[in-house]
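> Dumping the structure here so I can ask a few things about it.
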Ligand code: C2E
Ligand code: CA
Ligand code: CA
């Protein structure tokens, strides 16, 4: 395949050629941006290796130029400036729609570059047809395509079409089910199920969010006979304080707590932006929820402002690390440091720490090492209806697991 490299240091050329040619790549090496650009436009490369320090120009300008030129080739970034700069450049490229296969610090070329060049070869030139996974739209994406009017939504709420889905929250070490987050879904008359992106923002702007939550929570209570055998420690529900009638919200939480009394504890998840520390209504609402006996979880921690202040000033018991931190944990050493620090911060404040968005075994192992208390994510289960939750985590499964030899 066709590889084009831009590096103002000609001493890089022999090393690059040695690795690339061995892998069957045709290499064109440029030390000047002008000839590199002409070549990229003339040949549509399959892979680009780009040094970030270029003397006259810099690699970031080249990244922007590649994006503007709508180059489809993935990038491998090189730099002698260390991991932080490489990580920032990777984000810049990704934000411009350019795929980055990997980044290589110049001191580690021999070790790190060949595997990336080999990956480039597999990904861009499949000699044998490879089965392409059909992308399954996430509920959020699927929902985005659907246009719902306020009238439709109000009718759906009246007709009890808001359904609770449950996403497992587990012990990261042994995967044991500890609780579940209730996530709203809307079932259309056609049977199609929409994710919250299709209706939560609409409900919020149309003043229907409380009615929606009432309908959802009533649905949860109707499922109590199926929830009981799961022996959940807790169920958590989402409340958006932004569009909230506080008295109605308190009544809602009180009703849910009473209904679930002999079943499990209740946690209320709020986002930090909704529960800003210095907002008297937020203080009032969170205190009232706590006093009722529900635990209080700060959702999406790390994505907004004033989060640390809200943690210290409002009665949160749990911190949920936003899934973006988990998904980026292997992008850089810094991301891992931040993740560890969040867990430590949470624990120092006496909070339980839940990591959201755990999709891989490697992420799970890293989280165990950080000491995160609980984990949630596709690795353990997507949001699912009660029948699926029972199939995955019900007594039959638990008994079968216990019966297995250690
Ligand atoms: P959230 O409260 O942060 O809920 C977690 C979201 O992350 C869920 O999306 C879940 O499917 C997704 N998620 C969980 N694990 C993974 C993973 O491993 N990878 C990835 N890529 N995603 C994962 P969902 O169900 O689409 O919900 C989106 C948002 O809608 C929720 O975010 C919450 O803010 C809102 N929402 C859902 N139900 C309600 C509700 O009843 N009331 C309110 N106010 N908001 C709700
Ligand atoms: Ca949540
Ligand atoms: Ca969340």
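Glycine residues also receive a Cβ, built from the backbone N, Cα and C atoms like all the rest.
Keep in mind that TrEMBL annotations are predicted by a computer and have not been checked by a curator.
Annotation comment: TrEMBL describes 2-121 as domain 'Response regulatory'. Residues or ranges marked as 4-aspartylphosphate by TrEMBL: 51. What TrEMBL records for 146-397 is domain 'EAL'.
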> Taking the Cβ of residue 51 (4-aspartylphosphate) as the centre, how many other Cβ atoms fall within a 10 Å radius?
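Cβ-Cβ neighbours of residue 51 (4-aspartylphosphate) within 10 Å number 22.
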> Run through the domain 'Response regulatory' (2-121) and tell me, per DSSP, how many residues are helix, strand and coil.
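Once the DSSP states are binned, the domain 'Response regulatory' (2-121) shows 61 helix, 30 strand, 29 coil.
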> Summarise the model's confidence over the domain 'Response regulatory' (2-121) as a mean pLDDT value.
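Here the predicted model's pLDDT, averaged over the domain 'Response regulatory' (2-121), is 88.
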